[in-house]
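According to Swiss-Prot, the features are:
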type     : residues                          : note
ACT_SITE : 90                                : active site, nucleophile
ACT_SITE : 178                               : active site
ACT_SITE : 180                               : active site
BINDING  : 232, 233, 234, 235, 236, 237, 238 : ATP binding site
DOMAIN   : 13-204                            : domain 'Glutamine amidotransferase type-1'
DOMAIN   : 205-403                           : domain 'GMPS ATP-PPase'
């Protein structure tokens, strides 16, 4: 069945034009939290495409550029005459002002970063129920000097005269602060006001409606063909397995490829849970030695990811020929996966959008060019928290839904440098201790990820009056809402001490434990 014959996917009620902001996807998440579907699109989107999508509202994101720079990113200026409500955030507001005849100036002497009280100057639908002098998050070096005709100043801060503006006739609004970040006390109120009071959206983006819309789309796309799913036991592939099982039943075959990089006890748990408990067909493939052989001598993390991804598909192809034929490969690709694997940025010389790769994602970056399957990726527009809700609605238990995210390449990218069985055994034991103690302390559900990393160096230690020269283990525990940004977890010292003591006493070849306190950004959650 051709892709063009499929039923039309749901169009977003709110379009977010991305001008390079680190918060663009966060804006999308916040809008979805109001039960309204939103998507991030290029700032170069055409007027024709906007009219085809017919959104209820448009948001112009922030960005790192200055609007008066020669090649500053822009959008089609006709967008402001479509009659669609528009909210410009930070750079987005400045761009709107400039395009409509106002002026923006450098405000290096009064640049504003961090928390600032918002002083409301006049009533506005945008600031309805927002308390005067509430704290909002600022992050800008430029400011509006002169408003275009028809605009009013509706709020200011100590250093920003035009902290919020409006043109009620044309339904054009702007804020210099970032309502999408948690530091803005009434940020969600501002977003809800734009979504509901101004754009008149309907709260119809729910877990139930997603399932209702997705199941018939899967059936239409797949027809009577067979689907193969790589089942890892994580929340993404598990939710996808339940979703596909509900949609197409015995047309689905789940394949668990044990590449040797799983956490302690996971292969046994996975087979018992899906095959025996829920009677979803799972084929177990032991490919441990095959993967280890492929990684021999490989130290570069991108190479490891690519090799694992390609080998994964090769095994899939071989096993599908034996068990199949299968025409479709189902993947648990999520929205942040797509964003991270092919992010976007603006070329400062040409103003053109360019791809910026952060690191390849196992699902979307490691696929070989001669892939023999068609793809089924019904989760690719969802964030992680949305996937968990879908899983819960489909009947997945908490022990799966609340499991910490685990990368596709597994422990292979938590061992820095070359991977071998000795290092895997060492890391597997250390990682199990980390998670065991976190669970005993009742902190597991409060932490986004908690795991161990094995470094490719050795350190000197003393154990039993003898000198040791062994590997160090890094503890990595982070708090996050969606994995796009993260802060290191402030775990009580006594728990960290218990973890460290157990690792150095119970895990052979480890004599030192350190704790990573780097946030994302500037670091990433995984070390590779």
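The backbone N, Cα and C atoms fix where each Cβ goes, glycine too.
Mapped onto this structure are the features recorded in Swiss-Prot.
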residue	record	DSSP (3 states)
90	active site, nucleophile	coil
178	active site	coil
232	ATP binding site	coil
237	ATP binding site	helix
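Put plainly, the binding-site residues 232, 238 were compared by Cβ crowding within 10 Å, and the winner is 238.
Cβ packing within 10 Å was compared across the active-site residues 178, 180, and the lowest neighbour count falls to 178. Each residue contributes its Cα atom, and for residue 90 (active site, nucleophile) and residue 180 (active site) these two points are 11 Å apart. Between the CA atoms of residue 233 (ATP binding site) and residue 180 (active site) there is a gap of 32 Å, rounded to the nearest whole number. Cα spacing between residue 237 (ATP binding site) and residue 180 (active site): 29 Å, rounded to the nearest whole number.
When Cβ atoms from all protein chains are considered, those within 10 Å of residue 90 (active site, nucleophile) total 23, not counting its own.
A distance of 26 Å separates the Cα atom of residue 235 (ATP binding site) from that of residue 180 (active site). Nearest in space to residue 178 (active site), taking C-alpha to C-alpha distance over the binding-site residues 232, 234, 236, is 236.
Close to residue 234 (ATP binding site) in the fold, though at least 6 residues off in sequence, lie 332, 403, 405, 406, each with a CB less than 8 Å from its CB. Close to residue 236 (ATP binding site) in the fold, though at least 6 residues off in sequence, lie 332, 334, 379, 384, 387, each with a CB less than 8 Å from its CB. In sequence order, 231, 239, 240, 241, 332, 400, 403, 406 are the same-chain residues whose CB sits within 8 A of the CB centroid of 232, 233, 234, 235, 236, 237, 238, the residues recorded for ATP being left out. Residue 238 (ATP binding site) sits 30 Å from residue 180 (active site), taking the CA atoms of both as reference points. The average pLDDT computed for the domain 'Glutamine amidotransferase type-1' (13-204) is 91. On a Cα basis, residue 180 (active site) lies 33 Å away from residue 232 (ATP binding site). Packing around residue 237 (ATP binding site) is summarised by its Cβ count: 23 other Cβ atoms lie within 10 angstroms of its Cβ, all protein chains included.
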